[in-house]
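For reference, the structure is listed below as structure tokens.
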Amino acid sequence: MNTYKPYSERAKQHSNACARSLLELMERKQTNLSVAVDVTTKKELISIADAIGPYICVLKTHIDIVEDFDADLIQQLQELAKKHDFLFFEDRKFADIGNTVKHQYANGIYKIASWSHITNAHTVPGEGIIKGLAEVGLPLGRGLLLLAEMSSKGALTKGSYTTDSVEMARRNKDFVFGFIAQNKMNQYDDEDFIVMSPGVGLDVKGDGLGQQYRTPREVIVESGADVIIVGRGIYGQPDKLVEQAQRYRQAGWDAYLERLALHNK
């Protein structure tokens, strides 16, 4: 199964351009760490991105919470992405009809498609949401993740919702290259959906607001995900930013090497 192959091998075989770029980057930098930087000022976002950039494969943003957002922020972030070699994932969680999301993705003040390599969407509105986003994203070489499972307590993203989301992805593999999920989604030998898993923590199990945390090993080795998404465990400790980023990068990479050893004997 592709889930258990080296990232470099998967990159060579992958049909999706965005997935290839991500897998190649992960192998090149030896990191499967994505950091969710949910801060509300331009200064904080740039400062954190610069500090953790060397250790991540993906910087995950909620760009609409930045109170002093401007075009210069995007330009500075793009320069940091070149400097440190990482991709952007704007965690927009689109959830409207195709015609609406098309404009939300391309236009408005954020112009997400112009700078973010990866974005994501709920499948509640049906397949039209994928078609609308693809109209904008495909010509730019962007990639889409579907929200198949969430890490919050009581989430409704389970059962038939998850199953139907996977079927939608299979029908749109030119643009959809993976999922936000808690477990691997590949069921067939020729499938290679990349799974990015939020809710990863080494020190705590929850936050009192419904978030449930798992360790990098649980996520990568036991559940078969590919990228760990860490938020407050890194940016929540400003005096230990680099130390924590290095710690999670190492834990994630060690888990990946363990998975390779287990399945490629």
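For all residues, glycine too, the Cβ spot is worked out from N, Cα and C.
As annotated by Swiss-Prot, substrate binding site applies to Asp38, 60-62, 91-100, Tyr213, Arg232. Other Cβ atoms within 10 Å of the Cβ of Ala95 (substrate binding site) number 15 in total over all chains.
According to Swiss-Prot, the active site, proton donor annotation covers Lys93. A C-beta separation below 8 Å, combined with a sequence spacing of at least six in one chain, links Lys93 (substrate binding site) to Asn120, Ala121, His122, Leu147.
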Neighbourhood of Asn99 (substrate binding site) by C-beta distance under 8 A, where only residues 6 or more apart in the same chain count: Gly132
Greatest C-beta neighbour count within 10 angstroms, which of the binding-site residues Asp38, Thr61, Asp91, Ile97: Thr61
